[in-house]
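Listed in TrEMBL for this protein:
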- E4, D67, I69, D70, D219: Mg(2+) binding site (BINDING)
Amino acid sequence: MVAEEDSADLRKDGGQDTLERITKLINDTLSSDGSYDLSPLSGEDVLTAIDSGKSEGGPNGRHWVLDPIDGTKGFLRGDQYAIALALLDEGKVVLGVLACPNLPLQPIGNTEKHSLQNQAGCLFFAEVGGGTHMQSLDGSLSTKVHVSSTVNPAEASFFESYEAAHSLHDLSSSIATKLGVQAPPVRIDSQAKYGALSRGDGAIYLRFPHKGYREKIWDHAAGCIVVTEAGGVVTDAGGNPLDFSKGRFLDLDTGIIVTNQKLMPLLLKAVQDALSESSQATPSL
């Protein structure tokens, strides 16, 4: 398993209280669920389980890729976050699941606040060749979803990260202007953006991290297959598919762009034009 978290902080002096609280919560949850016939877990059991995600991944064999809380700041605000799980087989994503507890069941748009709503909690799941399905977290019947069929950029809306520290909002704005997008951006945390895009809530997702940042596979693996199996396209800024076979990090060109197949050529041109202008405007040191 390749996972974002490890037990280092819990093993430090001062981490014992937090570890005890986590261990109690896990045991209470397992007991109340009734599906598991297990002896209570010890603190060491919990630490060992957390540290089982230290695999480096790579192109050989099968690897589960887990982000237990994707969008930590959204989680702390009571806004959007996701539990993201994907399966890599020989470096290819073949299965993905996104649980988005605070994502409304109804489509979200640029005029809505992305806070808790009465009917919230979505589960998206996809496997190679099987399409993408969505159901509510209460276990209702699933429905097959598909990305937006929008072909006119003027009618498209786009997602980007809520936090300006996670993505260059000015660059995204320049791209949207060049493309002719008229709607303001929809900014939400986590891979919930991939889920919302897969069911057609918006038509574009732009992510351009600050220079020096390296994308991690657990931040995109599940979301990538959820979108592609719903008919979308996920590439880097150079139009290359994301390569999950390189280990824990994605080696990619500048950023990540997501849209439907018909809009991708126009989006790629706008991205490359905006990046070219940005590089020309940046003074050399």
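Cβ from N, Cα, C; glycine included.
TrEMBL entries are annotated by machine, without manual review.
Keep in mind that this is a model prediction, so the values were computed, not measured.
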Open item on the list: Counting other Cβ atoms within 10 Å of each residue's Cβ, which of the binding-site residues E4, D67, D70, D219 comes out lowest?
Closed with: E4
Open item on the list: Can you name every residue in this chain, apart from E4, D67, I69, D70, D219, with its Cβ inside 8 Å of the center of the Cβ atoms of the recorded Mg(2+) site?
Closed with: L66, P68, G71, T72, A82, A84, S190, Q191, K216, W218
